[in-house]
Amino acid sequence: SDMRQMLATKSVENIQFLPFLTTDANNLSWLGYGCLKGDGTVITVNAIGAALQTLYILMYLYYSPAKRPVLLQVLLLLAVVVTGYGYFTVLVDAGTRLTHLGLFCSVFTISMYLSPLADLAKVVRSKSTRCLSFPLTVTTLVASSSWTLYGLQLHDLYITVPNVPGIITSLVRFWLFQWYRPEQDKPY
C-alpha cells in the first residue's frame, strides 16, 4: 500500500523510510543465513524480499524531495552489510559461522518486530490508529506465523524464536485497531 501511495501521490509524504531500510537489511541477513545453511526456502523468500525492498528504497529515493538523508542511510546500510559480510566470512570460523549469523539474524528480526511498539504511546495519546498500517499488520501476522511454523518444522530456533514477537506485536496492533476504530480517528 505504501508503494501504491507513492505512485499515486508522486510523493513520500506520511511514508516512513526506516522500515524499508531495516526490512531490506533483515532480508539480506537472512539471505546470507539461508545460503550458509543451504535452505532453498529461506534463500528464495529473502532474495525476493530483498529485491522488493530495494525497489521500494529506489522509489522512495526517486520521490523524496530530500535525497541526501535517504542516500546517506542507504550508504550506511551498504556499509553495515559489507562489514557484516567481512566479519562473518573472515573473522568467524566456519564451524560457528551459522550459529553467529543465526543469532545476529534473530536479534535483528526481534528488534524489527518490536519497533512498531514505539508508536503505541502515540496511538494511545491520540486515540487514533492512523499511524499504523492495517495491511502491514495483517502481512506481519501471516509472515511471522508462517516462519514460526517453518522453524518449528525444521527444529531451527533461529527461525522460530524471532518470529514469535511478530505474532505478539501484530495481535497487539489488531487490538488497537479494534479499540480505536477508524471512525474515531480525528484529523491531525
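Note: Cβ is positioned from N, Cα and C throughout, glycine not excepted.
Unlike curated entries, TrEMBL annotations are predicted automatically.
Feature annotation from TrEMBL assigns transmembrane segment to 43-63 (among others).
Taken from TrEMBL, the feature transmembrane segment applies to 70-88 (among others).
Residues or ranges marked as transmembrane segment in TrEMBL: 100-120 (among others).
Among the features that TrEMBL reports, transmembrane segment is placed at 132-151 (among others).
Annotation comment: TrEMBL describes 157-176 (among others) as transmembrane segment.
Taking Cβ pairs closer than 8 Å, the transmembrane segment (157-176) reaches residues 33, 42, 102-103, 105-110, 113-114, 116-117, 120, 123, 129, 132, 137-138, 140-141, 143-145, 147-148, 150-151 in its own chain, all 6 or more past its ends. Same-chain residues lying 6 or more positions outside the transmembrane segment (132-151) and placing a CB less than 8 Å from one of its CB atoms are 1-2, 41, 113, 116, 119, 123, 157-161, 163-167, 169-171, 173-174, 176-177.
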